[in-house]
Amino acid sequence: MGTAVDAANKVVNESLPSEKKVTVIFVLGGPGSGKGTQCANIVENYGYTHLSAGDLLRAEIKSGSENGTMIQNMIKEGKIVPSEVTIKLLERAIQENGNDKFLIDGFPRNEENRAAFESVTGIVPEFVLFFDCPEEEMERRLLNRNQGRDDDNIETIRKRFNVYMESSLPVIEYYNAKGKVRKINAAKPVEEVFEDVKAVFIPLHEKVVYSFGRIL
Ligand SMILES: Nc1ncnc2c1ncn2[C@@H]1O[C@H](COP(=O)(O)OP(=O)(O)O)[C@@H](O)[C@H]1O
Ligand SMILES: Nc1ccn([C@@H]2O[C@H](COP(=O)(O)OP(=O)(O)O)[C@@H](O)[C@H]2O)c(=O)n1
Ligand SMILES: [Mg+2]
């Protein structure tokens, strides 16, 4: 027989939302490699929800949050915002969304991002989709992006490339050593890159019909 306290705890526990079980794919690659562009294609075809860490940080600046000025300064300098800020935004976006499949774009960008996300959320990515692109091509794309971003100028772009080489590539290496990286040649036209992306996603989503032990 349980006590009254046990009974009360049971009521509380049952009214709390249970831990949401989610599938996460990290989408990584240098600035301008085409992460956002290809995520839009994946969303359209495979029903994932796209969460761009950069977009969430820019929305946080616009919302007038107390961290806004700090985030704005770091983005202008091409620096990586402290993990606790970015992870809170990602966690909130995951919890608020009805979907259970997410593309997390532009995160983790350094070892601190990676380790903190894993320990705070307990989420381990299914795999890492890595867009590999030469720096000259990424630079060309960023200088032509025309989205009015204050980090798409040559001075900040150079800083972002340095941060990518020093801090982000080691994260990709970390997952590569675990066999979790799906590397895509991103130095091709958008449609051709997407053909290669599809080759990664099709096996995950095709419906296989079995009949009497045979695949139809
Ligand atoms: N395969 C591609 N070839 C040429 N331009 C591209 C390609 N993919 C994306 N772009 C363009 O390059 C710019 C950067 O792409 P974006 O998807 O924003 O990259 P990221 O999110 O990795 O910074 C955008 O203007 C986009 O339209
Ligand atoms: N995990 C992340 C992702 C982005 N950012 C910041 O946001 C900026 C823009 O990120 P982004 O992903 O939108 O940039 P792109 O790679 O899409 O060009 C980065 O240069 C960082 O300053 C961050 O601090 N931490
Ligand atoms: Mg982007």
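Using N, Cα and C of the backbone, Cβ positions are placed for all residues, glycine too.
Curation does not apply to TrEMBL; its annotations are automatic.
As annotated by TrEMBL, ATP binding site applies to GLY32, SER33, GLY34, LYS35, GLY36, THR37, ARG145, LYS188. If you draw a 10 Å sphere around the CB of ARG145 (ATP binding site), it holds 13 other CB atoms from the protein chains shown.
Secondary structure from DSSP puts ARG58 (ribonucleoside 5'-phosphate binding site) in a helix. TrEMBL lists ARG58, LYS79, ILE80, VAL81, GLY106, PHE107, PRO108, ARG109, ARG149, ARG160 with the feature ribonucleoside 5'-phosphate binding site.
The annotation CMP binding site is assigned in TrEMBL to ASN113. Taking Cβ-Cβ distances under 8 Å and a sequence separation of 6 or more, the neighbours of ASN113 (CMP binding site) in its chain are ILE80, SER83, THR86, ILE87, PHE107, VAL171.
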Checklist entry - Which binding-site residues, if any, among GLY32, SER33, LYS35, THR37, ARG58, PRO108 have a Cβ under 6 Å from ligand 3, given in order along the chain? => result LYS35
Checklist outcome for this item: Nearest to GLY36 (ATP binding site) by C-alpha distance, among the binding-site residues ARG58, GLY106, ARG149, is GLY106
Checklist outcome for this item: Nearest by Cα to LYS35 (ATP binding site), of the binding-site residues ARG58, GLY106, PRO108, ARG149, is GLY106
Item to check | Inter-residue Cα distance where the pair is ARG149 (ribonucleoside 5'-phosphate binding site) and GLY32 (ATP binding site), in Å | outcome: 12
